Amino acid sequence: MGVAGRGCPRAAPALLLLLLLLLLLLLTAAVPPYRGRAEGPPEDIDECENELNGGCVHDCLNIPGNYRCTCFDGFMLAHDGHNCLDVDECLENNGGCQHTCLNVMGSYECRCQEGFFLSDNQHTCIHRSEEGLSCMNKNHGCSHICMEAPKGSVACECRPGFELAKNQRDCILTCNHGNGGCQHSCEDTAEGPECSCHPRYKMHSDGRSCLEREDIALEVMESNTTSVADGDKRVKRRLLMETCAVNNGGCDRTCKDTSTGVHCSCPVGFTLQMDGKTCKDIDECQTRNGGCDHFCRNTVGSFDCSCKKGFKLLTDEKSCQDVDECSLDRTCDHSCINHPGTFTCACSEGYTLYGFTHCGDTNECSVNNGGCQQVCVNTVGSYECHCHSGYKLHWNKKDCVEVKGGLPTSLSPHVSLQCGKSGGGDRCFLRCHSGIHLSPGLQEAYSVTCGSSSPLRNKQQKSNDSAFGDVATVRTSVTFKLNEGKCSLKKAELFPEGLRPVLPEKHSSVKESFRYANLTCSSGKQVPGGPGRPNAPKEMFITVEFELETNQKEVTVSCDLSCIVKRTEKRLRKAIRTLRKAAHREQLHLQLSGVNLEVAKKSPRTSERQIESCAMGQDHGGNQCVSCRAGTYYDGAQERCILCPNGTFQNEEGQITCEPCPRPGSPGTLKTPEAWNVSECGGLCQPGEYSADGFTPCQPCARGTFQPEAGRTSCFPCGGGLPTKHPGATSFQDCETRVQCSPGHFYNTTTHRCIRCPAGTYQPEFGKNHCVSCPGNTTTDFDGSTNITQCKNRRCGGELGDFTGYIESPNYPGNYPANTECTWTINPPPKRRILIVVPEIFLPIEDDCGDYLVMRKTASSNSVTTYETCQTYERPIAFTSRSKRLWIQFKSNEGNSARGFQVPYVTYDEDYQELIEDIVRDGRLYASENHQEILKDKKLIKALFDVLAHPQNYFKYTAQESREMFPRSFIRLLRSKVSRFLRPYK
């Protein structure tokens, strides 16, 4: 049934309450408070209270001492300030129509090309299907909207402002849509809208338009052509005969009888001309830009302000405020920096920015082997250099030096774990003795590393080493999930009674030593509470990874190395079980540099909340916690950041130790405290130099070699017998290659030719001998890439959430990859429908629909289609799904690429269905730039969807906050919709 035939919908109490509150909000937002009657001038005369409606052909608005005319939607005020003229919406951006825009009186219509039909949003077009009787077949017979009905039949509906005809197929226009196609007055009859004109006008032969009557036009013309010679007679005649009762005294707008004749005046936005009768529109934009912060556009009797991209118009409809994109979810993977009108994203060390907002692990080993002399191993967010057997890592962590004499059979442990019974349960202490490194997390998370990990990456792996003998590395990792609390790496008072935090040997149930350990704490999602209940505390995850080595020394006649490994694994499983129990009892403790720290803590009750102390590695800086800067470290005893002592350095923030400078026995070469880099220690060989230990005296790199770093023990060969231009070369570009390779290529020193960078790599510079690996899981569409922007993430698709979410092209907001296919599904809970907003979508127009996005009920091409496009569409559009569930597919070909899309959706209670459809199908929602900006405002859409998905969240927003979100014109639109929807309940 169409809109006009709506019965009383069932409404849940929460829905009814929400709608009533929304209506009250909209009414109070639009109506200023009554301040009482002030003493002053005589009572205002209402010029609109006469048979001519103040001369206005549509609405007449009385204002103190004057009046003004306004027009219905789809019309604009003529220059005379009274008549209303049709607005041709098709002139601006094709009316938002995907194919053809047809202007009609008071409105416009979108039409589709052959082989397409108009979708429910009345703007985009969908491919037709030729098979079967369904809403995808052109013979479904519906004039406007086709809906699937039970048993394979179809049912028809009409757009807002139309009524369903008796044949249940056609739609009859009413005066509620585009004023019924009438220029002036419209009245609904059984045969349809009937048009009429204002008394000063007569009907055109088309039965819709109105023309000025000839006698009125003649009077105006005669008045304008009165000769100067007859001036005195005209003045006398006016004094004796003119009155406001006849032809409004000749005034364009307001007329007032005085003792000297009629007195004409003009409303706000117009100025009286020299003839004393005519009102002319004032171009407010010529004076101080109309008071607009950015752009001003003049209209008849008024003006409109708008803002630059990256700014939003405030409710005073003049001021522009910067949009803080960094306050929104999903803006940047790591760090976000807001700028006026824009923003930039930054990545943590060890990560590379791609797709404008995303961060992927940097593969340092892809560039000159990471600078490692022998083996380079990439890790997430970092990398490590390793050496072959018979060598050990130099202090610079990159070179390898030969080990002379025998190697020790075992290495001193860096980490120890001790657990025992205490207070009726298990208590564990994890102590880091050396190699401590802190990695502060982005949001309530951290990672602590102790010792150094083996380059072997399997859980168990042997290496037959003549110096070390048979060595097996055993690794284990476990994650504990705690239902509430937050990560907290802060000093803990473990034993207020004065007991030492050391468990007696005889009471220790677990005692292990490790060469490497990593403890990571991260907060999960917050569990939403029910109606009237606060949100539950966040989930928390603690991951602990251990690594230890067993060697030939532990082997006996009855137990070989494999047997030793099995025994070790059994001990570790027991340790993990004990560790899990201790973590759940909040009895897992960490000791770094002799300072006892809490790993995590439960969220305190409101009455127990205290002022938060700073985390480990941070000091108070004003009213906030600030990480200790490079060149300093956090002293746990003094609980503050202090300078690195002489002979040490620290090149990272937020650390709790300083690293000793190489060769500390030569203090003469060391610089002052606060060394922030190893080079600050002094005495290092500079780039282009080397020595046996990396310190002075140094030698320049020989011809045919180069060295880009300081403190190295050797130089890298150019390869292929290539010489360098001079001794002491610092980069491969100093090598005299036979050809210079352009970006996207690398120089092959074997063939002495330029080779295109393979897929998954890029090279932006000239004359390089390598290509850079794309960050993270990204790759390039083709070989020969020259820029990081050509590295794209191909991940997409999946089953989406029940209530809210995003449909996003891969690599968004960067360009999506070629030859990709993504499929999503939305399956709402029972009795919920889907609302989708497409703020904008960018697809290349050169590919003849090679890239497209389609939303339909199932994967079948004959199923009910809600939305389909293969074109760029910068105007926002909102629509409801034509089916209760959605199958969504995006495909791109090998041709051009584009930015793609980020489409938010929400599922809402089906009791809202008629109200939501009435709003999103109304062309006024998209008519103005300010309305369009609402649908592009991520913060506002998130708030609206939040309330639609969970109505109880309405109470999170104050009335003032809600009013500040919307421009007044949008409030007027919603008020009329909500009022009509609530009419059955009044």
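Note that Cβ sites are derived from N, Cα and C of the backbone, with glycine treated the same way.
Unlike curated records, TrEMBL annotations are generated automatically.
Summarising the annotation, TrEMBL assigns disulfide bond to Cys326-Cys336. Long-range Cβ proximity for Cys326 (disulfide bond), meaning a same-chain Cβ under 8 A and a gap of 6 or more residues, is found for Cys332, Cys336, Ile337, Asn338, Phe343.
Counting residues 6+ beyond its ends, the domain 'EGF-like' (86-122) has Cβ neighbours under 8 Å at 72-76, 128, 138, 145, 159, 177-183, 208-209, 865-869, 871, 873-875, 877-880, 882, 920-921, 923, 926-927 in the same chain. Per TrEMBL, domain 'EGF-like' is recorded for 86-122 (among others).
Among the features that TrEMBL reports, domain 'EGF-like' is placed at 322-360 (among others). Mapped onto DSSP helix, strand and coil, the domain 'EGF-like' (322-360) counts 3 helix, 18 strand, 18 coil.
Sequence annotations record features per position, and here TrEMBL assigns domain 'EGF-like' to 361-401 (among others).
Residues or ranges marked as domain 'CUB' in TrEMBL: 796-908.
The feature signal peptide is assigned by TrEMBL to 1-30.
According to DSSP, the domain 'CUB' (796-908) comprises 3 helix, 52 strand, 58 coil. Across the domain 'EGF-like' (361-401), DSSP helix (H, G, I), strand (E, B) and coil residues number 7 helix, 16 strand, 18 coil. Cβ neighbour count for Cys336 (disulfide bond): 17 (other Cβ atoms within 10 Å of its Cβ, all protein chains included).
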